[in-house]
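Some notes on the structure that comes next.
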Amino acid sequence: MSAIYNFCAGPAMLPAAVMKKAQQELLDWNGQGVSVMEISHRSKEFIALTEQAESDLRELMQIPANYHVLFMHGGGRGQFSAVVNNFLGEQGKALYLVSGQWSSAALAEAQKLAGEAQIDSLNIVEKHNGLNAVVLPDLHKIDADYRYVHYCPNETVDGIEIFDELDSPWPIVADLSSTIMSREIDVSRYGLIYAGAQKNIGPSGLSIVIVRDDMLKLPSLPQSSIMDYRLAVEHDSMFNTPPTFAWYLAAEVFAWLKSTGGISSIAKINQQKAQMLYQCIDGNAFYRNGVVAANRSQMNVTFQLVNEALDSEFLKQAQIAGLVALKGHRIVGGMRASLYNAMPLDGIVALVKFMNEFAAKHS
């Protein structure tokens, strides 16, 4: 069977080595004679798995000791509400930086739960010569007392990424769903990091939360117990039955990433993949991208065919060539190639070859 390269934005492809190992262990995990999906989450064997998973993630991301690592339900959208309910209290205010679809969704959820009076926002994307560009504000010049400032460093729908570290006088809450472990960051700069698993960690249904200890002292609002960070810390992420199979696969992805050289190594590969694809787009008048070079996403490359009438044919022929899930988000249209950690360099080579051949044929 010819290679299939899955460019889906999420749920995204998983490393082939992880998938093969899961396949081999599906009916008999760790010599138990049953699947990992069938054992108690409180068994010593599964507890050992969770401890190793946290240890590997801490090592990969160099997470300081004063941070808790939580494996929770709900995905990224679940955390939109959890952040508000855990940190805002009845009187607190927060600032949301809006750079695209996902930060807008987080803002809308915060305003729904807390009311617009408690939630301020700033649009940080401007047009520069017709292209989207991020302009980070000087937050130190804002006269306000916020519990936290929220932002999304990578917008998967819009193809926008913020590479500069945010400088804030208030705790930073970041949605890293699409960039976690794709490049190195300084975790100590953040009050809380959250990430839906289905892009760079594992299957959907799991979210990772990395929260600094002092954040748990902020006033909270009444909320569901399963989204209460304090209860999650107290119960080692097992206040209720966790998504065990997703946790198992996340553990395998962490181990795989360590075996490939860690985040510093995969970051170089990710940069190379993105550069190859953007060079193809920029070097061919057949395609265009709407983001300034400094803010082009490494994880989610969005592009359009100049002749949009060829979109359907492009997708059809790409599918035949084994290049799947290239259709852009319904809100923005066009094309999108998601280049998460599991996407091999060969996938980009194949995509670039196809794009060049398609352009030559239809120009």
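The backbone N, Cα and C atoms fix where each Cβ goes, glycine too.
Residues annotated as L-glutamate binding site in Swiss-Prot, with sequence analysis given as evidence: Arg42. Positions annotated as pyridoxal 5'-phosphate binding site by Swiss-Prot: Gly76, Arg77, Trp102, Thr156, Asp175, Gln198, Asn240, Thr241. Positions annotated as N6-(pyridoxal phosphate)lysine by Swiss-Prot: Lys199.
Among the binding-site residues Thr156, Asn240, the residue whose Cβ has the fewest other Cβ atoms within 10 Å is Asn240. When secondary structure is read from DSSP and collapsed to three states, Trp102 (pyridoxal 5'-phosphate binding site) falls in the helix class.
The DSSP secondary structure for Asn240 (pyridoxal 5'-phosphate binding site) is coil.
In the three-state DSSP scheme, Asp175 (pyridoxal 5'-phosphate binding site) falls into the strand class. If you take the C-beta of Arg77 (pyridoxal 5'-phosphate binding site) and look for same-chain residues 6 or more apart in sequence within under 8 angstroms, you find Ala105, Glu109, Gly196. Rounded to the nearest whole angstrom, the C-alpha distance between Thr241 (pyridoxal 5'-phosphate binding site) and the residue listed as 'N6-(pyridoxal phosphate)lysine' is 23.
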